[in-house]
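*Asks:* Dropping the structure in here first, questions after.
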Amino acid sequence: MLFRGVLAAALAATSLHGTLAKPVRRQDGLADRIEAENEIALQGVLNNIGPDGSQAPGASPGVIIASPSTENPNYYYTWTRDAALTLKMVVDEFLHGNEDLQSYIREYVEAQAILQTVSNPSGALTSGRGLGEPKFYANLTRFNGDWGRPQRDGPALRATALITYSRYLLNTGELADEDEAKCIWPAIQNDLNYVAQYWSQTGFDLWEEVDGSSFFTTAVQHRALVEGAALGKALSEDVSAFESQAPNVLCFLQTFWNGKYAVANIKVKQQGFSRSGIDANTVLTSIATFDPEASCDDTLFQPCSSRALSNLKEYVDAFRSIYTINQDVQTGTGVATGRYAEDVYYDGNPWYLTTFAVAEQLYDAIQQWSTINNINIDDGSLAFWQSVYPSAQPGTYTGGSNTHFTELIDAVLAYADGFVETALRYVPETGTLAEQYGREDGFPLSARDLTWSYASFVTMRGARLAATSDYAQVPSWGAPSSPHVPSTCTPSSVKGIYAPAVSAGAPEDAPTCTYLVTFNLNATTFYGENMYLSGSSAELANWRVDEALAGSADGYTNERPLWTWTVELPEGASIEYKFLRKRPNGEVLHEFANRELEVPECGDEVPGTTTVEAAWNIT
């Protein structure tokens with residue numbers, strides 16, 4: 001593979017220059033505790049990366065598992081989103097001089113190039129649809145079980161992680177590093193093509209529960225397109241698709257705002273969905289799209305913006321009274337926070353990563369205020385400011401000799417520290433981080449050693465260092481130069497061309513063409529019954545009933561009881577298949593005879609498309 005050859009040359013040529021933090025604010029017991037926990041957290045991440053991580057036996061090289069927990073719950077999979085967010089943290093730590101991390105980055109690149117070619121229930125690479133598959137087994141094979149799919153944030157987040165690393169490579173001035181960046185580009189390009197093509201379509205959110213349009217997904221898609229276009233230009237690539245869609249994505253992002261907070265999910269497909277929309281989704285958005293060189297821009301939901309601060313107050317206040325461990329905690333003091341107030345997963349508890357995220361947004365905001373040297377308090381952010389600094393009034397406060405500016409910064413710093421202190425209060429002496437901690441007693445719950453929890457601590461620590469010293473946490477992604485919001489939102493798309501990223505590590509014999517086969521089945525069902533499709537290929541679950549593909553009843557009417565499947569199958573394949581009926585009591589009815597399908601060879605259209613019409617038959 002080309003990528004391996006480039007790596008060998010780059011290893012000899014790469015020179016790293018770490019950035020050491022020089023504290024300019026007080027160092028206290030919390031800072032010491034954070035530094036101690038940071039070592040544990042970073043090692044916790046590395047322990048969960050194959051093939052040599054102590055908690056990741058059997059994981060392929062570069063694969064980042066979500067958790068070593070294999071039961072109650074089983075998180076021993078790799079999620080594209082979680083892995084990408086984690087790798088972005090690893091890249092940032094590498095940029096600060098931790099040279100040992102480069103091997104993890106390079107193995108991740110190769111693993112993701114391979115994973116892009118793995119066909120899955122969401123589709124395959126030929127159409128790009130397969131890039132939206134949320135999770136895989138740790139050995140880089142497909143997961144066929146029922147799941148909330150597709151999830152459209154993964155490709156954008158993976159692109160951002162790889163773009164950040166590639167920009168570093170281009171900036172070293174070394175030819176070997178430039179070659180390495182060029183090898184990675186095809187993998188990035190696949191993900192960006194996916195974003196440009198599918199951003200306007202709904203999918204499941206980052207909590208894998210809501211099928212609709214997600215604020216978090218939309219924001220990270222916009223960021224990926226902006227910085228991807230800039231990288232592509234530096235590599236002399238065609239980026240017209242990314243540049244044309246970025247403004248439309250940003251325009252759509254504005255529609256989530258309701259005047260007080262960003263509604264986490266809109267255009268929700270599930271009937272009876274009823275939530276306030278106040279959700280950690282939006283806080284995670286602010287830190288995922290943070291740019292240290294940006295102004296306090298409402299349209300980009302930057303951490304210091306009026307909208308992001310108003311949103312943060314609404315989010316935090318939603319948890320002040322619902323958790324026992326938050327009782328008697330005063331307003332303006334950090335508390336434990338969870339995903340959303342209506343959460344029932346494991347009885348709905350605070351999460352370590354969401355509590356750290358609140359602190360991180362505030363630390364990021366401090367960086368921005370310090371850079372632009374002023375704080376603007378308006379009607380939108382006033383409630384937030386008065387909750388942390390009761391005498392705050394609307395106005396612009398400039399740094400320098402202005403004591404109010406310093407007092408406001410110190411108040412926010414103390415407030416942010418309160419969230420860190422709250423979460424750390426419920427971390428065991430070993431320093432290990434689970435997914436959640438109990439709402440009643442703070443005891444760690446759910447998956448143990450959660451990779452995302454560890455990564456969130458490391459990024460929070462970096463943000464605090466940057467807020468309290470001259471430590472440069474993350475580079476700019478180009479927010480200051482991103483396109484303005486168009487006057488009219490256009491839900492458009494650009495059809496992408498996808499190919500195995502062989503230079504980045506994809507197998508040379510990966511399929512280059514598939515057929516999108518739509519199965520239309522007429523089958524009258526009663527409430528609670530569902531129709532499934534199973535067959536003789538991996539794409540059809542190899543006859544495994546428990547992994548059979550669930551049909552969609554979106555087009556079902558009394559006049560035509562239609563169930564549909566769209567499956568991406570290899571060109572020229574000979575397939576046997578049948579439909580299944582699953583009843584609420586667990587009973588499964590099979591069609592008596594197998595059906596046969598000869599998948600056509602690809603012609604000029606890639607991917608090819610065909611439709612199969614059928615009726616339920618058990619005779």
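For all residues, glycine too, the Cβ spot is worked out from N, Cα and C.
Annotated active site, proton acceptor per TrEMBL: D205, in sequence order. As annotated by TrEMBL, active site, proton donor applies to E208. Taken from TrEMBL, the feature substrate binding site applies to W147. The domain 'CBM20' annotation in TrEMBL covers 509-618. Positions annotated as signal peptide by TrEMBL: 1-21.
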*Asks:* Out of these active-site residues, D205, E208, which one has the fewest other C-beta atoms within 10 Å of its own C-beta?
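*Replies:* The active-site residues D205, E208 were compared, and E208 has the fewest Cβ atoms within 10 Å.
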*Asks:* Please count the residues of the domain 'CBM20' (509-618) that DSSP assigns to helix (H, G, I), strand (E, B) and coil.
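*Replies:* The counts are 9 helix, 51 strand, 50 coil.
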*Asks:* How many Å separate the Cα atoms of the residue listed as 'substrate binding site' and the residue listed as 'active site, proton acceptor'?
*Replies:* 12
*Asks:* Quick one: what's DSSP say for E208 (active site, proton donor), helix, strand or coil?
*Replies:* coil
*Asks:* What number of additional C-beta atoms lies within 10 angstroms of the C-beta atom of W147 (substrate binding site)?
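*Replies:* So the Cβ neighbour count for W147 (substrate binding site) comes to 17.
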